[in-house]
Amino acid sequence: MLRVENLHVRRGGKDVLAGIDLQLLPGEVLGVLGPNGAGKSSLLGGLSGELAAHQGQVLLDDQELAHWSGAERAQRLAVLPQASSLDFAFRVEEVVALGRLPHQTGRVRDEEIVNAALNAADVAHLSGRSYLALSGGERQRVHLARVLAQLWPGQPGHNLLLDEPTSALDPLHQHVTLQAIRAFADRGAAVLVILHDLNLAARYCDRVLLLEGGRPHSLGTPTAVLRPEPLKAVFGLEVLVQEHPERGHPLIIAR
């Protein structure tokens with residue numbers, strides 16, 4: 001289990017994140033929302049250990065994250081950053097197979113997992129193609145498959161951190177991606193996903209953290225958090241919130 005206590009992160013001598021207390025729960029998708037500059041990517045950086053905590057601590061299975069070896073950490077924690085740079089002409093399946101490097105499961109099992117992750121991210125049809133020949137959205141889905149393969153099939157004790165995994169995707173693949181993430185959590189993994197689309201968060205997330213100015217504004221179920229008052233306070237946006245006629249989750253409509 002991944003949790004943070006009173007997390008503060010500094011950049012350039014100023015706090016970009018302050019007062020964060022958070023626990024990722026097995027089987028849960030936690031969505032992180034907020035305007036640009038709210039601290040969403042800084043939160044992911046602090047949780048993953050990429051950014052050092054100026055104050056507070058990050059704990060993985062009740063042990064400070066910094067005390068884990070790289071390989072042991074990678075077997076429990078996978079991170080998909082906002083931008084994943086790769087300048088080599090690897091085939092798609094080779095990129096996804098990079099997620100298996102921390103493991104010692106053997107070639108046959110690794111190939112099975114890579115194929116399963118390719119299918120989950122809807123990129124199996126791209127196998128054999130050069131990564132460099134792909135569109136931005138295709139590359140994003142290949143990297144999703146890579147981090148899924150790293151923790152496949154997802155189970156309690158696994159933690160997946162995703163920074164805007166739908167940003168380059170068309171509407172269909174936004175849902176395909178979040179359905180894959182939802183299925184991963186349903187098998188027991190804890191997932192944190194940064195999103196900008198309020199309605200995607202309402203549909204796929206169990207809890208939502210609303211950030212404002214690097215601090216937590218609201219944390220709770222989508223029904224509790226995605227209300228007109230908090231959304232006006234954080235985004236400056238006037239909205240109507242209705243119940244989805246078929247699924248029952250909040251449906252947010254800009255006025």
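Backbone N, Cα and C define each Cβ position, glycine as well.
What Swiss-Prot says about this one:
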type    : residues                               : note
DOMAIN  : 2-238                                  : domain 'ABC transporter'
BINDING : G34, P35, N36, G37, A38, G39, K40, S41 : ATP binding site
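When each of the binding-site residues N36, S41 is scored by how many other Cβ atoms sit within 10 Å of its Cβ, N36 comes out lowest. Within 10 Å of the C-beta atom of G39 (ATP binding site) sit 23 other C-beta atoms, taking all shown protein chains into account. Using the Cβ center of G34, P35, N36, G37, A38, G39, K40, S41 for ATP, the list of other same-chain residues with Cβ within 8 Å runs, in sequence order, S42, L211, G214.
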